[in-house]
Amino acid sequence: MSMQFRKQRLALALALGLGALSGPLAAQTAGAAADGEDLVLNLRDADINGLIEIVSQETGINFIVDPRVRGEVNVVSGQPIRRDELYDIFLSVLKSQGFAAVRGSDGLVRIVPEVQAKENEVAVLGDDTPGDEYITEVLTVNNMDAGQLVRILRPLVPKGGHLAAAAQSNSLVIADTAANVRRIKALISRIDRESMEDFEVLPLQHASALDVVRIVQGLDSNAPAEEFARGPKLIADERTNSVILRGDPEARAGLRTVVRQLDVAGNQGNTQVHYLRYAKAEEVAEVLRGIAEGRERNNSSGSVGNSSMGSSSSAGTNLAEQNRVRIEAHESTNSVVIYGPAELSRELSSIIRQLDIRRAQVLVEAVIAEVSYDRAKELGVQWGIGSEDSGVGIINFNRNGNGIIDIAAGVNAFLDGDVSTPPSLGSGMSLGGIGSIGSTQIALLVNALQGDTASNILSTPSLLTLDNEEAEIVVGQNVPFIVGRSVEDSGQAFDTIQREDVGITLKIRPQINEGDAVRLEIAQEVSQIAPGVSGAADIITNKRSLTTHVMVDDNQMIVLGGLIDDQMVETTDKVPVLGDVPGLGRLFRYDTASLQKRNLMVFLRPVIVRDSAVAQSLTHSKYSYIRDQQVAEQNRRGRLDVGDGVPILPDWNYLLTLPPPFENAMQGTPPATISAPPAASGD
């Protein structure tokens, strides 16, 4: 088929296939076919599906048309167009009508509504892809964050397009027309390249990075806000003592010159005073002295090495004097004074800032629970038989120091006036009697005892201390104990007394680890004075102590240890043979039995207190608890008429307003005796 014939066929198809629209349209199209290979398209209210059919015939492209593609188009060509431009014009017509041409991997082009274009299989951008054809492209981002680029480029992508970031590969996926994809791709390459060029790092040798940034920013403080925002930015990096410049290269050049001029060595050492907020000045100064001494030793060894290479020893001495630093602590103001070279002073100042931090505290609450039960039984018979002619026979069971021999000797001494008090018969019931058969006297003593003792002790000491600081609380008595005795030449005896704490003792050292775990060194002791025991040389104390190291999470309860003790003791003293006679043997036997049960457990809970708000909350809860106990005790016992009333802690809110108003102070009303806040005093 000749080219002239094809042009005539196109003109005829455009005139007839588009609906025989009007005489002028047919004439214009026919004229276009007769002019050569160029075409002239002048379409008014033409059916879009007819245009798709003609373009398919002329370009050889197979189209799949979505049923939703319908409407009329208008194309006005003021001058002839080349045949290879027909498809680009066709894509532009589709885009103007809200449709898109999507090329699939099978070579077919699907014409769909533009908003559904991204849901279809989309081809990848190629060098010859027409500008209005819908394609997909994956763009790799080398320097910037892909997610940040999505926020920047989102307004440039139309509603029918798609833009997303792939975080793992730091790349962008974009689906849009080929022309818009090329435009966004060019923007990304420019932004991604410039992100590597918009900042530089200037390490300083002498000046402080913080001081340099503060001085330079002070130069621009009078500039307009908009100009200051657009200008280059300076950031100080204390760790490396560097200044980071960010902004336009030309503007950075001027700042670079200023920074270099400020970074010069000073003629004299500088003196700095650091007022500490939390740390103790003497402790911080001790740490800094150790660091400075290490630096001075290194400098001294370097000076000696240089001297051996030919330098004079005096030069090395002068260098050491110049590099010497002095560190002093001023306790009155809790400050540290540093005098020395600027570089070393900056390093020590940075260390001070890291050491002078608010240390966390730990509130340790302990629960010590002890339940004990003691039961004792005692029953025995003692005999004494004798006469002046035949001597004395005694059955004596002296288990508790109150045997029949001791009692008889004590009675005789009391009757003779040697002692002022009669002998003790011991605990329990004692029955005794003396009789005679002829010249033989018979003495009888019966002892019977049953005792039950039960105790339930619950102690809850609590203690607040700084992290890694030892603290101790003692609640008890200071009891005297005899530790020695001396007799002078005159025969007078003197006892040596030593006092010891008896009660509850809790000693802790907490250490807060990473992750809110607390390592605790604990020494806990509970002691009390035991009831008097016959034969004991001095006071006897019952002692339960525990020393351990544990790891426990914040605000978690943990058991430190305990004791479960059961003791059963039975003792029988008897006369051989006679004590075994059934029934009658009870008269020749002394039986004792004791049962002791003791359960002891120690629990502990640490609470980390990192700020004043938590400390105030804990203090408020403890304060309210003890005040509620006072109020409850007052209500239980009734209010006593003691003038100003029963002492009760003031209300928490009222406590925060202390001291009291001037009028109350002049009237002599002590806050400690106020049973309620002033607002409730009218009840």
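Using N, Cα and C of the backbone, Cβ positions are placed for all residues, glycine too.
Where the annotation comes from TrEMBL, it is an automatic prediction and has not been curated.
What you are looking at is a predicted structure, and each value in this text was computed from that prediction instead of being measured.
Annotation comment: TrEMBL describes 299-318 as compositional bias 'Low complexity'. Among the features that TrEMBL reports, domain 'GspD-like N0' is placed at 41-111. The domain 'NolW-like' annotation in TrEMBL covers 136-196, 200-268, 271-361. Residues or ranges marked as domain 'Type II/III secretion system secretin-like' in TrEMBL: 448-610. The feature region 'Disordered' is assigned by TrEMBL to 295-318. Residues or ranges marked as signal peptide in TrEMBL: 1-27.
Averaged across the domain 'NolW-like' (200-268), pLDDT for the predicted model comes to 76. In terms of DSSP helix, strand and coil, the domain 'GspD-like N0' (41-111) has 26 helix, 23 strand, 22 coil. Helix, strand and coil residue tallies for the domain 'NolW-like' (136-196), in that order: 28 helix, 17 strand, 16 coil [DSSP].
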